[in-house]
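K.L.:
Sharing the record's features from Swiss-Prot:
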- SER110, LEU111, LEU112, PRO113: (6S)-5,6,7,8-tetrahydrofolate binding site (BINDING)
Amino acid sequence: MIKVVFMGTPDFSVPVLRRLIEDGYDVIGVVTQPDRPVGRKKVLTPTPVKVEAEKHDIPVLQPLRIREKDEYEKVLALEPDLIVTAAFGQIVPNEILEAPKYGCINVHASLLPELRGGAPIHYAIMEGKEKTGITIMYMVEKLDAGDILTQVEVEIEERETTGSLFDKLSEAGAHLLSKTVPLLIQGKLEPIKQNEEEVTFAYNIKREQEKIDWTKTGEEVYNHIRGLNPWPVAYTTLAGQVVKVWWGEKVPVTKSAEAGTIVAIEEDGFVVATGNETGVKITELQPSGKKRMSCSQFLRGTKPEIGTKLGENA
């Protein structure tokens, strides 16, 4: 039986681990990030992958830094035939990558060489792509740069969010891995080098990227809101207060107004001018210190005026 070590951390990784178990591989160990404090009460919380591994009585390693010798030697001591990673969250050292008989392969949520990095799902939507996918490739120490083994495309729907696409890609990754591993073991795959001229990056989202730039087109603002839903959530300011924007709709704007200005107030939301003739009607938001709510609910208690400028003093 093929001995596999799985390395992964978030919810995205869980279906991949589950599929390895269902397909009958001997998952002899799981490597995941350390437990972290979560929420306002800072409750020490295990990763989703750790929770899944413990359901199956699989030993779990949680290195703070996998590149340290005493940590990676614990992985090597398991003597895996194959290592599979999916959103592990740390750069894996060569000592591990070169050890398994069948190598170390990664399940990545984009069509490489596009969108290398830690936030490919967010960027696929924020950039307005109509499709993305899963790539399974050999791991190298350079970020997501290994030779490609298999790929599958996944359509991005008009109202897709990062949350819904995350779920689709997670399942697609598990399914593709199930088809890839047997072919890899049988030596039936021809690895393909990535074209470095086509490389783009999707680095982890920074706080300053979350703010809505109303000078962009309505389409770009709409994609920005979708791409940051449900985390970390796009934001703007209204009357000097931070407001998270959970959802909006593209609407035509007939009169010209400065980008970021409220040009219409309707029962279910207010329309904001952008950098072109497509406005964005905010329909779901979250004022600072309050719960997420519909814009109609918000408007019952707060009455912004037409001409109010959003995005100032953030």
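Keep in mind that glycine also has a Cβ here, set from the backbone N, Cα and C atoms.
Note that the structure is predicted; figures quoted are calculated from it, not measured.
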K.L.:
To which of the binding-site residues LEU111, LEU112 does the lowest count of other Cβ atoms within 10 Å belong?
P.N.:
LEU111
K.L.:
Would you mind checking how many other C-beta atoms are within 10 angstroms of the C-beta on SER110 ((6S)-5,6,7,8-tetrahydrofolate binding site)?
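P.N.:
Around SER110 ((6S)-5,6,7,8-tetrahydrofolate binding site), other Cβ atoms within 10 Å: 25.
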K.L.:
Around PRO113 ((6S)-5,6,7,8-tetrahydrofolate binding site), which residues of its chain at least 6 apart sit with Cβ under 8 Å of its Cβ?
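P.N.:
The answer is GLN194, ASN195, GLU196, GLU198, VAL199, THR200.
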K.L.:
In the same chain, which residues outside the set SER110, LEU111, LEU112, PRO113 have their CB within 8 A of the centroid of the CB atoms that define the (6S)-5,6,7,8-tetrahydrofolate site?
P.N.:
HIS108, GLU114, LEU115, ARG116, PRO120, GLY133, THR135, ASP144, GLN151, GLN194
